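According to Swiss-Prot, the carbamoyl phosphate binding site annotation covers S50, T51, R52, T53, Q77, R101, H128, P129, C130, Q131, C256, L257, R284, on the basis of sequence analysis. The L-ornithine binding site feature in Swiss-Prot is assigned to N159, D216, S220, M221.
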Amino acid sequence: MKPRHFVTLRDLSSAEFRALIARAIDLKARKEPYEPLKNKVLGMVFEKSSTRTRVSFEVGMAQFGGSSIFLSPRDTQLGRGEPIEDSARVLSRMVDCIMLRTHAHRTVEIFAEYSRVPVINGLTDRFHPCQLLADMQTYFEHRGDIAGKTVAWIGDGNNMCQTYVHAAGLLDFRLRIACPPGYEPEAELVEAAGKCVEVGHDVRTAVNGADLVVTDVWASMGQESEQTERTGAFRDYQVNAALMALAHADALFMHCLPAHRGEEVSAEVLEGPQSVVWDEAENRLHAQKALLEFLLTA
């Protein structure tokens, strides 16, 4: 039987997505020891450095009674040019699950195609589904179901934005995206999402009456050479107190971190009462524990 993978949110049904959110909330509240993954091993392949992804997966496996192995390009033949499919075949004969944080989304797709065990997308250039599990858990904890609500995405139409496009369809919320011309999410993703997703360039229109406001860095890892150009393009796309004032009175603010205060978000908003970024960061642990349990014990 082929394993279940988590390459994008589209690998889940709406019901499964909601069940994972509920399970993550339950696991967060659980105090007594619980080790459903005893003697299981998670292989973690990192092409890009990370704080939250590595720590949350390692701690999650330890709390579940399992263990994890960290593999950087220096530690594997992948870094020396071994075909991706060969690495997938070999690793999946030795570990129980593989998580990859890579540059190219195609790398994760190939791993999933050739792996004998579940493959998890820990982040690629196109999608970041693990972060959306945590984001949605955080919203449900603070405000209840997100169905019928309005989410405003401000800034780059990047991997996070594109994962929000998937989430909007699965959880039935309205997504309004405001980004500079030339930085929109992939057109085919937006078209496939239908009426629940709108793309424009005016931040005020996007945020007006929103229940959740989300942003991300202007230049992601690997885009450092574009920093000056992007700073100019995004200068009018900062989430600050004046912009948040246009949102719903009890709107929340999220950012997947790390944040650059004074660029994509003001320090006042990041540290303010509407910000739930620290809960959001913590929930990477709980949401991914729910995901690991789902993939490895079903």
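One is the number of the first residue shown, and numbering goes on along the chain from there.
Just so it is clear, glycine is given a Cβ too, placed from its N, Cα and C backbone atoms.
All features noted in Swiss-Prot, drawn onto the structure.
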residue : record                           : contacts (Cβ under 8 Å, 6+ apart)
S50     : carbamoyl phosphate binding site : R101, G122, L123
R52     : carbamoyl phosphate binding site : L257, A281, R284
H128    : carbamoyl phosphate binding site : N121, N159, M160, T163, C256
C130    : carbamoyl phosphate binding site : F6, T53, I120, N121, G122, L123, R284, A287, Q288, L291
D216    : L-ornithine binding site         : G155, D156, N158, M160, C161, H255, C256, E264
S220    : L-ornithine binding site         : D156, N158, N159
Collapsed DSSP category at D216 (L-ornithine binding site): coil
Other CB atoms, at most 10 A from the CB of N159 (L-ornithine binding site): 22
DSSP state at S50 (carbamoyl phosphate binding site), helix/strand/coil: coil
Per DSSP, three-state class assigned to C256 (carbamoyl phosphate binding site): coil
